[in-house]
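A.B. asks: Just lifted these from TrEMBL, have a look:
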BINDING   11, 12, 13, 19, 20, 156, 157, 158, 195, 202, 203, 204, 205, 206  ATP binding site
BINDING   144  L-tryptophan binding site
MOTIF     12-20  motif ''HIGH' region'
MOTIF     202-206  motif ''KMSKS' region'
Ligand code: TRP
């Protein structure tokens, strides 16, 4: 089965509420468990710097959002879950993409245009208060996506233009430097549930009508008791249609539970009782996650360790890929330009990089990797058996040097990682 790479970024800002859970977190966690999906999920903390200059808030939000996703069942073993700022290759790629990005393209970005329009309407300078971070936002986002050659990017409608820009930048780079990038596609979930808030309008921070996802049990109860209802008395039949309470219940309950509540509405259940039922139903789903969340918030070092492991996993791809991109644009070691060895001058073909395996007088098994010019790139220490040495060679071939950090202790590197990766990539292609 071919795997589909699905990637999404989460901006660490604000405290997640039930609407975020039902509309984004829960469906994304479920989707990440489907077979055939290689899922990348990251905290877009570089993006967060665009909207706040409060360092403590960035740090706090990063912890809260990471803890939330893990508590909601995201499995860091299964998905690649990382923090954008742990991947230095991403800002590096941002620059490479910026250099194939027309400024006019960014002038047309909705978020930037909205800021300009507002300034103009208010009689201010067009770019008043606009940082280069805001202006470059789509380029950074393109780097997020293209770094892992994502096929699909699930996003909200407001982000579609950004995915189109990522495609534009990928095409432009490919055109100049060869086929390096997959063109990503936006995935918009048409039937993504929007949850009503306390006042019946869409649950949203801007309406101040939210129920925080991990509010303590008693606060959750109090908030739910405050959901707006009509004034029908106990015993009077109630409408499910247009009832925020009913819609929220539906987002958590099974079809049978929902049907049972609908019958009780028709039979005139008291609002207080209906709210109690809603509270218990939500709490049943949320309570175990809340416990995990509280535990993670009390042990930020665990979250840190998970994110670092995620970054290491992500960089297994990002580091060698960036090495190839650097080489593609001409950021190359200068010794490549050294005069060719004698062999080439006499017209014989240049040898490809090779692994040589041999046995030393100490009875142990060794190998080394030499490049086309005969320079030693890697030298192994002694292995107990030819099989063990062979396995290390096979892994280096398959995973690259940067991709097999656990082998580094067994090897002496005589060249920069990029060159070793490039030689191994060449071998793999051959
Ligand atoms: N811009 C996205 C948002 O505000 C977050 C984001 C950053 C993102 N990088 C991304 C989403 C890459 C998808 C892919 O929601």
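Any Cβ shown, glycine's included, is placed from N, Cα and C.
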A.B. asks: Check each residue in the chain of residue 203 (ATP binding site) that is at least six apart in sequence and keep those whose C-beta is under 8 Å from its C-beta; list them in sequence order.
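C.D. replies: Those within reach of residue 203 (ATP binding site), by Cβ under 8 Å and sequence separation of 6 or more, are 17, 18, 19, 194, 195, 196, 197, 209, 210, 211.
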A.B. asks: Taking the binding-site residues 11, 20, 157, 195, 203, 205, which residues show a Cβ-atom distance to ligand 1 below 6 Å?
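C.D. replies: Only 11 qualify.
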A.B. asks: Counting Cβ atoms within 10 Å of each candidate's own Cβ, which of the binding-site residues 13, 20 comes out highest?
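C.D. replies: Ranked by Cβ atoms within 10 Å, first place goes to 20.
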A.B. asks: Expressed to the nearest Å, what is the distance separating residue 205 (ATP binding site) and residue 144 (L-tryptophan binding site) at their Cα atoms?
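C.D. replies: Rounded to a whole number, the Cα-Cα distance is 26 Å.
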A.B. asks: According to DSSP, which kind of secondary structure is residue 205 (ATP binding site) found in, if we only use helix, strand and coil?
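C.D. replies: Helix, per DSSP.
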A.B. asks: By CA distance, which of the binding-site residues (11, 13, 20, 157) lies nearest to the residue listed as 'L-tryptophan binding site'?
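C.D. replies: Given the candidates 11, 13, 20, 157, the nearest one is 11.
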A.B. asks: Rounded to a whole angstrom, what is the largest C-alpha distance between any two of the residues 11, 12, 13, 19, 20, 156, 157, 158, 195, 202, 203, 204, 205, 206 that the record assigns to ATP?
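C.D. replies: Greatest Cα-Cα span of the listed binding residues: 21 Å.
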A.B. asks: List, in sequence order, the same-chain residues at least six positions removed whose CB sits under 8 Å from that of residue 157 (ATP binding site)?
C.D. replies: 188
A.B. asks: What is the total of other Cβ atoms whose distance to the Cβ of residue 11 (ATP binding site) is within 10 Å?
C.D. replies: 16
A.B. asks: DSSP secondary structure for residue 13 (ATP binding site), reduced to helix/strand/coil, please.
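C.D. replies: It is coil.
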A.B. asks: Can you see whether DSSP assigns residue 195 (ATP binding site) to helix, strand or coil?
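C.D. replies: Going by the DSSP assignment, residue 195 (ATP binding site) belongs to neither helix nor strand, so it counts as coil.
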